[in-house]
């Protein structure tokens, strides 16, 4: 399989093109986002999506076992010898008729894609397996990211898997050390900077430039290529059919950006005949996308995004010293780096944006536990958004919906315990106390 | 596929037989353990292990997707219509050459079987998918267990997956609520009894008998049938070859019991030509098996186990008010219920038993993080034991070893953080602090 990809600036006024053999995450000409563009040799792309099922039979080949690389014709930016895999993407698409019934949906309508089943416990592994393959391709020996959550865990895991040095930057102040347990355990060099997350982001970029370190923050377009495969696996799980709706939490907007690109490419290749609608769910305390799209009318507009609206909002954030705040920490982001690409996805998928409160998120998370396998808070924004969209008729009860659950239940067990011990939640399930007496115990058996 | 199994008492002086259509977990005649015995119709069992690979191609069938049920001819105690699956067993056998090199082993010698990738985050799902299938088969409507850890999580998950009511018993006193986050989230009715774990075990058995509730504690022989498949997947991951050694943590001894039975049956069926050796690793603070086997010479002895030795030890525990204590809470058990079956496995597999200290366990856990995907403390007893057995020559550096990592890293993140923040551990990886200054930051990049 020959490499058929280039990097191209998404700004239509620039449009600069570069080959993939460079570690470069912003357009050096205009500073805008870069995109991976393919010139597929159609003879090497399968004729239909279901042809990928042939790889199931050869799962003793690690690239066929991987839930990312078994679709490698559609991520054809490097040679097989550079592809890094740790067995990611053994995720579960669960048809959940019990939750569907609870929500008033028809049987067979609701599917949950549990990305927490990835090795590091979140969807990030999909992107990292791709970005680290690019890092190996360009000969990187050291990598870094700024993150206090799922990203650092995934980066640290893939770094040691391909023998790369790894540095993770965290801020001082109220740091949730539990979130860093994986980065430390996976051997990352963890540097705590006296400053906040924005300081870390600034410094990590400077450090990477000066020391020639490979940067794995959300700008990296190769991460998005890997995240496309979440959509391929949903189609695979539906017997190679396309759902009516994809629902995804919106934070830095990497997933929504990747999903739109995935469907655009599949349609272009003739591998699907229609594109599902995309619903992106913000937390109310971090609702930049929802505000810009729903209240300011921001659109992709062929790449000519009205950035003045965005800059005005961000200037207002700065003036007000605004920090986003939500229990769904994985989407607690007010300046999403992939905003423009996400607007493109909304354009491609006839997408919509909603926002939900923390209370809605916590109740929805409890529903995913009670009827599914559980998830971390940010993931549950999807179900909270679905409840709203069913209530107002945006989504019909017989439409086929796939919700992406981005992170493992055990990423944030404290929030689970505190929700259930507090009886005020809509679905709280507190323990009951009983004397060590068989007659009293039996009274508590429901 | 016709059902070919019966339940049989393992006591050779009793040997009572019962069909599988009953919920019965101790021999009603003598109170000893029950075993599942097959009379396989050899025409329905594949001729060779590698034939199971045919199921890879048909993973759109949930029973073929399941890492347990794709081997269903070898767990043939119920009809397909009763089999419950949530997609368990998508686990990873990782050839870990980096850890092998660190330990002085040859390339290709060391493999880690990460059972934390199961839906509830531990190997327990293998057993629960089988036991719940039996529960469905016998028409159970309600189930219960006493547990504060992985068992309760797995029971609660499978209970709601098959629409069964579920009650989990926990003791009062120093309860780790984090461990119960899953049981609460998965909707189990959690009853906290004023008493300790032994009180819970006693009460749950009484409650199950009086209210006709299906009991899912470790006595349940159907759980062990599911756990056999961990061995099938190791063989599958090794290209259908048998390793030289299996290393497993020893707690209630369900896994070691199941693994010996798995290999005995495979040999009997002609599906393997040799049986690997089994090493069972106790924590030093919960070393009943190690003491009885290594210091008292306890043996299977054709089923005539010298139970006087066991009773004397347990009487001494009672007299001394002895409670086991280890950081590896999942194996913090002093009266292992599957002791006799485990002795049979040692007999079948020419097995050995070792014990390791908490310090060894913590250091070994850090190695699994640094070179692998991490694990919970009990899982790391395997690597700690392996280090000892390599050092004294019991295991040679070119022997092929598979270590079973029983639980997910995120089951116990606090222990991970405290190990790494304390610089005294052999492999501690504490964060470094830096001023928000590029020159100082660069000094910390290693």
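Heads up, the Cβ atoms here are built off N, Cα and C, so glycines get one too.
Curation does not apply to TrEMBL; its annotations are automatic.
Marked as domain 'Tryptophan synthase beta chain-like PALP' by TrEMBL: B:85-407. Sequence annotations record features per position, and here TrEMBL assigns N6-(pyridoxal phosphate)lysine to B:124. Marked as pyridoxal 5'-phosphate binding site by TrEMBL: B:150, B:251, B:252, B:253, B:254, B:255, B:406.
Under the DSSP three-state reduction, the residue listed as 'N6-(pyridoxal phosphate)lysine' is assigned to helix. Under a cutoff of 8 A between CB atoms, and with a sequence separation of 6+ in the same chain, the neighbours of residue B:406 (pyridoxal 5'-phosphate binding site) are B:115, B:116, B:122, B:123, B:150, B:248, B:249, B:255, B:330, B:375, B:376, B:378, B:379. Cβ-based crowding with a 10 Å cutoff singles out B:150 as the top-ranked of the binding-site residues B:150, B:252. Taking the binding-site residues B:251, B:254 in turn, the residue surrounded by the fewest other Cβ atoms inside 10 Å of its Cβ turns out to be B:254.
If you measure from the Cα atom of residue B:124 (N6-(pyridoxal phosphate)lysine) to that of residue B:253 (pyridoxal 5'-phosphate binding site), you get 13 Å. Long-range C-beta contacts of residue B:253 (pyridoxal 5'-phosphate binding site), restricted to its own chain and to partners at least six residues apart, with a cutoff below 8 Å, comprise B:280, B:289, B:336, B:337, B:338, B:339, B:341, B:342. Sitting within 8 Å of the Cβ centre of B:150, B:251, B:252, B:253, B:254, B:255, B:406, and not among those site residues for pyridoxal 5'-phosphate, are the Cβ atoms of B:123, B:218, B:249, B:250, B:256, B:330, B:331.
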